[in-house]
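Pulled from Swiss-Prot:
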- A17, F18, S19, G20, G21, L22, D23, T24, S25, A43, G129, T131, D136, D194: ATP binding site (BINDING)
- Y99, N135, R139, S192, T201, E203, E280: L-citrulline binding site (BINDING)
- T131, N135, D136: L-aspartate binding site (BINDING)
Amino acid sequence: MSNILQSVPVNQKVGIAFSGGLDTSAALHWMRQKGAIPYAYTANLGQPDETDYNAIPEKAKAYGAELARLIDCREQLVAEGIAALQSGAFHISTAGVTYFNTTPLGRAVTGTMLVAAMKEDNVDIWGDGSTFKGNDIERFYRYGLLMNPALRIYKPWLDDTFIQELGGRKEMSEFLIKSGFDYKMSVEKAYSTDSNILGATHEAKDLEELSSGMKIVQPIMGVAFWRDDVEVKREEVTVRFEEGRPVALNGVVYSDLVELMLEANRIGGRHGLGMSDQIENRIIEAKSRGIYEAPGLALLFIAYERLVTGIHNEDTIEQYRESGRRLGRLLYQGRWFDPQAIMLREAAQRWVARAITGEVTIELRRGNDYSILNTVSANLTYAPERLSMEKVEDAPFSPADRIGQLTMRNLDITDTRQKLGIYNDVGLLTGNTSVALPRIGKDSDKK
């Protein structure tokens, strides 16, 4: 039996994730006119482009909400963001520049905390502004049903009647004005923006064309570092971790992770750190393109990864990276709280993050241009004297030890040579100019 309603649930409570923008304002008032009883829930995610959260619930009541609540999600969102950082849950990157899954993290928190608030008010029908082509419709569906198995979904944007009556921004604006609201439609940007305390996503409209680059975006968490008239000064910053948790920036200790993230955003934002242009696969396997900002997470990630590589061995780092990519994809798909994701996340937090204690000094320049100046940790397994080119006392191994080690390599070198000979005999290497290998002959040919 489907949980999705395709027409207005008359005389029933409907919870709507209310942002205060045109779409949700028009939808809320329209549902009220059609006989539904709207309950508005607004998530305070620390959106950098939101100036007055307290005004949003009052606006919802004016549009017809029976009840309007503001839910502070910032602490939980930052906690989930740090968990993603600790486990490297980022699978989308281009040429080493990472997208930090900030929108999927925001949806995980919004989808669970708002539905939990709805349950307190005995609201079992939920609506939001996600469209049928995007990722969010599935993310919210999964998280909502995880929190409330009795939940039903009503999305105005899946209702043909709503689409016919209010099919676009112009129609929605006219509808509100006709209903007596002094609504002035904002100047439409060349792209859409969604943000939270962890990062911002810019996509759609002009950005759907790959010929439109990052330069058409006005950053909301940083500076347009590509512009010559924007002054960006070099800056040294120190980041300290204790047992995998960021605790200090530039020597200032933060007991509140929300305040630490805000300061990290300010520092990274001064340089445009963490901006990226990505082509990605949506959940439905169609490709989309986005311009992303995440100045604070990018700063913390540089320091965290530096400590990871200085503390852990190669196999642990490999496992951390492989599991992190898998976990990042699960997060992107709306499966952050699924058992397979919890297993990957908690393994990384326990066995990788808990060893990460130390301080990293970084010089930030423009955009993602930076240098690591110093790394200090009592847990470092990096020891320069082990491989020093100078003569050292108590060397960990001698030339004779290396001769023995190289001699043991003869076993796999011989095996490799035999396999290459087999490939040559069956014609796999003959004439293959893409494989830069010397000609392999049989040992018997040299006798």
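Cβ coordinates are placed from backbone N, Cα and C, and glycine is handled just like the others.
Shown here: features listed in Swiss-Prot, placed on the structure.
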{"residue": "A17", "record": "ATP binding site", "DSSP class": "strand"}
{"residue": "T131", "record": "L-aspartate binding site", "DSSP class": "coil"}
{"residue": "R139", "record": "L-citrulline binding site", "DSSP class": "helix"}
{"residue": "S192", "record": "L-citrulline binding site", "DSSP class": "strand"}
{"residue": "T201", "record": "L-citrulline binding site", "DSSP class": "strand"}
{"residue": "E280", "record": "L-citrulline binding site", "DSSP class": "strand"}
Neighbour count (Cβ, 10 Å) for R139 (L-citrulline binding site): 26
Distance, S25 (ATP binding site) to E203 (L-citrulline binding site) (CA atoms, angstrom): 22
Among Y99, N135, R139, S192, T201, E203, E280, the record's L-citrulline binders - longest CA distance, Å: 19
Length of the line joining the Cα atoms of S192 (L-citrulline binding site) and G21 (ATP binding site), in Å: 12
Other CB atoms, at most 10 A from the CB of S192 (L-citrulline binding site): 12
Coarse DSSP state, helix versus strand versus coil, of D23 (ATP binding site): helix
Separation of alpha carbons, A17 (ATP binding site) and R139 (L-citrulline binding site) (Å): 14
Residues within 8 Å of the T131, N135, D136 Cβ centre (excluding the L-aspartate site residues themselves): S130, F132, K133, G134, I137, E138, R139
